[in-house]
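Here is what Swiss-Prot says about this protein:
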- 41-64: repeat 'LRR 1' (REPEAT)
- 67-90: repeat 'LRR 2' (REPEAT)
- 92-113: repeat 'LRR 3' (REPEAT)
- 138-158: repeat 'LRR 5' (REPEAT)
- 159-181: repeat 'LRR 6' (REPEAT)
- 206-226: repeat 'LRR 8' (REPEAT)
- S279: phosphoserine (MOD_RES)
- S281: phosphoserine (MOD_RES)
- S304: phosphoserine (MOD_RES)
- S307: phosphoserine (MOD_RES)
- S309: phosphoserine (MOD_RES)
- S313: phosphoserine (MOD_RES)
- S432: phosphoserine (MOD_RES)
- S457: phosphoserine (MOD_RES)
- S511: phosphoserine (MOD_RES)
- S513: phosphoserine (MOD_RES)
- S521: phosphoserine (MOD_RES)
- S589: phosphoserine (MOD_RES)
Amino acid sequence: MAAAVAAPLAAGGEEAAATTSVPGSPGLPGRRSAERALEEAVATGTLNLSNRRLKHFPRGAARSYDLSDITQADLSRNRFPEVPEAACQLVSLEGLSLYHNCLRCLNPALGNLTALTYLNLSRNQLSLLPPYICQLPLRVLIVSNNKLGALPPDIGTLGSLRQLDVSSNELQSLPSELCGLSSLRDLNVRRNQLSTLPEELGDLPLVRLDFSCNRVSRIPVSFCRLRHLQVILLDSNPLQSPPAQVCLKGKLHIFKYLSTEAGQRGSALGDLAPSRPPSFSPCPAEDLFPGHRYDGGLDSGFHSVDSGSKRWSGNESTDEFSELSFRISELAREPRGPRERKEDGSADGDPVQIDFIDSHVPGEDEERGTVEEQRPPELSPGAGDRERAPSSRREEPAGEERRRPDTLQLWQERERRQQQQSGAWGAPRKDSLLKPGLRAVVGGAAAVSTQAMHNGSPKSSASQAGAAAGQGAPAPAPASQEPLPIAGPATAPAPRPLGSIQRPNSFLFRSSSQSGSGPSSPDSVLRPRRYPQVPDEKDLMTQLRQVLESRLQRPLPEDLAEALASGVILCQLANQLRPRSVPFIHVPSPAVPKLSALKARKNVESFLEACRKMGVPEADLCSPSDLLQGTARGLRTALEAVKRVGGKALPPLWPPSGLGGFVVFYVVLMLLLYVTYTRLLGS
């Protein structure tokens, strides 16, 4: 009899002993241990039947014990072929562990557990998750080490789920419905057969992500929005983007690489894109934690300026392409005058392209502020009638567009045609936008400014203005007190003191002021002169490339404008001209080959400061935005620095015709003398 009882104990465990043994046999302690566990469950609310090799739930437990108050049930390490029916009747159950059993399917009665928040089904033989599992208020779902081939589409209905572990399964893809898990913090898909990760994962507030030991070759760019991510595990994957050397450096380098890719992909849409794609905009913390103040404790440290602060400023690398700057540039360019629109439409059939960077550069705002301060009382918006302020604001976007290098030739031809048709130097172009009392003032200022531009010497005009101001020249009366006659094409404007001359906000004036040819006499203002030929930006770029390659002793990239925009080459040039003039240079790393806009601007500002220390006049310097955008004025500043400090003057951009003829004559004469000398020696 004892041998007959020992065999069931070895084969079937304690449950077999409890059901086949008789009182007094060795199986009695197993029954007593199960009964003791049930008694403790009634007293404590926690049922622990783990590691007992049970195939069935203890019989008669529901009739003998009141288990309605059980909140935690541990049925792990047993041999249940399915979820016990008695466990599905525990309506107060909040946590259920069926770890390491023999489950092949789940009982539909699990849907009765309306208070269940924790469910552990790992180390079983499940091949699918039924839909009724997704109707439970689960916060933790663990189904690792099973045979799941796919997740159900209803997985997105688990809105309160915070941890999902589906590791060590046979998943080949993840459903896009995962984006519905708005509370998910921990996602573990380790040891599956995943080849791609859905883009929607970037919208989740994940803190921990593990997709190691899969077949993933590319991390989605949208993952750069996972700003709360603390841990990311991606080993044992054939990753190609980001490269392996980037992934080995850690989480910060991975996210910087993804942020750079996102910026390049956003800028590749072109200026005609209506706005930046919403998939690259960082989600605010208030959307993830409504009603709570977010203190940055879960940030990843990406793009942090201070190494001690683990704060990811996700907007810092995308300020220039944000939707706010796009709307500002749109509002600044909409209220343009009808004549301006007509000229744009007749001269160029292409639509007006939007320049995100040019519309919101701090350097341009500072330059515009200095021009406003130097404006005389007649032309300032606050001195006379307040209604003239909108008109002056309408004309500013046109001046911004004229400074673009690609429209230089177009605006040159347009200015020349208008001046030839007007019959007088500097006839105003936008008379229809101004009041009659202001037309003569603007016309006179434009006339004197245009004549000063023809002289090719804005510096002399400024010096004359300063001299006149120092001698106490009388200031003209405000335009609002006495209306002036309208300036026509045949009437020349009355002479005005040079101290009140206003610099026009014109690209042609800036170009001519950069290539001034010397001081001009007072009577030269009334004498028309031939236009100086404005140097082409391509010629400037070619000459600057030759100078930089000869100075730095190394070849430069093909796209020199983009290389100069980072400011690294300019700072190296300054240090080559005068050692230690730029003490600190921001250089790109192999992982992130492109500098951020903030670091590039700091390099450019350091170069301009070094130029000031080397003796380059302030009038020959440009704003940081000119160097960042690669305009002709910025290129000329770099050449001027080499010219001032390099010890020898640069070759001129266009040699004078008289000098060229003399050079040709001299070369021909030397050749004739050489031929004559050789013939004399031969004879």
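Positions of Cβ are set from backbone N, Cα and C atoms, glycine also.
Owing to the predicted nature of the structure, the values given are computational and were not obtained by experimental measurement.
Residue counts of the repeat 'LRR 2' (67-90) by helix, strand and coil are 3 helix, 3 strand, 18 coil (DSSP-based). The number of other Cβ atoms within 10 Å of the Cβ belonging to S589 (phosphoserine), over all protein chains shown, comes to 12. Summed and averaged per residue, pLDDT over the repeat 'LRR 8' (206-226) gives 94.
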